[in-house]
Amino acid sequence: MVQASGHRRSTRGSKMVSWSVIAKIQEIWCEEDERKMVREFLAEFMSTYVMMVFGLGSVAHMVLNKTYGSYLGVNLGFGFGVTMGVHVAGRISGAHMNAAVTFTNCALGRVPWRKFPVHVLGQFLGSFLAAATIYSLFYTAILHFSGGELMVTGPFATAGIFATYLPDHMTLWRGFLNEEWLTRMLQLCLFTITDQENNPALPGTHALVISILVVIIRVSHGINTGYAINPSRDPPPSIFTFIAGWGKQVFSDGENWWWVPVVAPLLGASLGGIIYLVFIGSTIPREPLKLEDSVAYEDHGITVLPKMGSHEPMISPLTLISVSLANRSSVHSAPPLHESMALEHF
């Protein structure tokens, strides 16, 4: 009887713990703002994971077997990986998949700063898990190619599958300038593609156009540094390779190159955004600004799957401007944008 009574108390206690956990989860989800933050975290996590799995997988093909992989294949893998990532999370978080893009949007007032750590944490975890996935899928191929050794440099190096490394013909600071400039061009063109008041991509084509931008950057300037242009792309896989057995050389190689793909893109994206706003964005007449947290704010995104409907407000993704088609004299007859998605992207 004593044992039975103890068992009942144990069962009752476990049930109380279970219900308290469930109640806590429900309490978290009852707040709209907290629910939105969780959704955006998961969206950045999944979109970055999708982009990196396709991108790193294409690099693995190029490194491990020239018959199945190529440099062009790597560019297409990352480019179309971005497309899939945008479709995974564009309407939820904007599918930045890039900490430099998130930082720039926060610095320029397009995204609240409280979302910055949420987005970046999701991006880093997604990138780390993608590296772990590629390692698991290509484990035997990696060992076969390298003779059982996990090397960072040399003809049988495999660390480059997961992260970028400074080539022999580049110096550290030339590499820094290269990464800064490429990320500057990336952000400038992203603002161009998504500015509804300028000459944006056609409704429903933004994901594809952005992937074309990524491919163009990679095929035209990839030889110098491997074009990280994304703080969420390099450090997490480097951390994984350090844990998996490649050793501390993943950080020390190339004159301690590891920090450049973090700092240079942050600087470059910020400059690219400012350059666009000063030289292009400021010259375009716009309606009064409505902040994201305003009661009147509805959406600040880009249509991926446009639908026909009534003339509802259109939102400029560049400055979060709410523009009604009914009161714009300069707007020609065109189908309205509806069901829009946020994209201040990668």
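Residue numbers in this text run from 1 along the chain shown.
The backbone N, Cα and C atoms fix where each Cβ goes, glycine too.
Copied over from Swiss-Prot:
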- 1-40: topological domain 'Cytoplasmic' (TOPO_DOM)
- 41-58: transmembrane segment (TRANSMEM)
- 59-71: topological domain 'Extracellular' (TOPO_DOM)
- 72-89: transmembrane segment (TRANSMEM)
- Phe78: site 'Selectivity filter' (SITE)
- 90-93: topological domain 'Cytoplasmic' (TOPO_DOM)
- 94-107: intramembrane segment (INTRAMEM)
- 108-115: topological domain 'Cytoplasmic' (TOPO_DOM)
- 116-136: transmembrane segment (TRANSMEM)
- 137-174: topological domain 'Extracellular' (TOPO_DOM)
- 175-192: transmembrane segment (TRANSMEM)
- 193-204: topological domain 'Cytoplasmic' (TOPO_DOM)
- 205-221: transmembrane segment (TRANSMEM)
- 222-225: topological domain 'Extracellular' (TOPO_DOM)
- 226-239: intramembrane segment (INTRAMEM)
- Tyr227: site 'Selectivity filter' (SITE)
- Arg233: site 'Selectivity filter' (SITE)
- 240-257: topological domain 'Extracellular' (TOPO_DOM)
- 258-279: transmembrane segment (TRANSMEM)
- 280-346: topological domain 'Cytoplasmic' (TOPO_DOM)
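This view paints the features noted in Swiss-Prot onto the structure.
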| residue | record | DSSP class |
| --- | --- | --- |
| Phe78 | site 'Selectivity filter' | helix |
| Tyr227 | site 'Selectivity filter' | coil |
| Arg233 | site 'Selectivity filter' | coil |
Segment proximity, the transmembrane segment (258-279) to the transmembrane segment (175-192), 3 or more C-beta pairs under 8 Å: yes
Intrachain neighbours beyond the intramembrane segment (226-239), with Cβ under 8 angstroms and 6 or more residues off its ends: 48, 52, 55-56, 97-100, 120, 123-128, 130-131, 160, 162-165, 167, 179, 182-183, 186, 217-218, 250-251, 258, 260-262, 265-266, 268, 346
Three-state composition of the topological domain 'Cytoplasmic' (193-204), taking helix and strand from DSSP: 2 helix, 0 strand, 10 coil
For Phe78 (site 'Selectivity filter'), nearby residues of its own chain (Cβ under 8 Å, 6 or more apart in sequence): Met51, Phe54, Gly55, Ser58, Val214, Val215, Arg218
Residue counts (helix, strand, coil, in that order) that DSSP gives for the topological domain 'Extracellular' (137-174): 15 helix, 0 strand, 23 coil
Other CB atoms within 10 A, centred on Arg233 (site 'Selectivity filter'): 32
Same-chain residue ranges lying at least 6 outside the topological domain 'Extracellular' (59-71) that approach it to Cβ under 8 Å: 77, 134, 138, 141-142, 145, 158, 160-162, 222
Helix, strand and coil totals (DSSP H, G, I; E, B; other) for the topological domain 'Cytoplasmic' (90-93): 0 helix, 0 strand, 4 coil
The topological domain 'Extracellular' (59-71), counted residue by residue under DSSP: helix, strand, coil: 7 helix, 0 strand, 6 coil
Between Tyr227 (site 'Selectivity filter') and Arg233 (site 'Selectivity filter'): CA-CA distance (Å): 10
For the topological domain 'Extracellular' (240-257), distant same-chain residues with Cβ under 8 A (at least six beyond the ends): 128, 131-132, 135, 150-153, 158-159, 162-166, 171-172, 175
Integer average pLDDT (0 to 100) for the topological domain 'Cytoplasmic' (1-40): 64
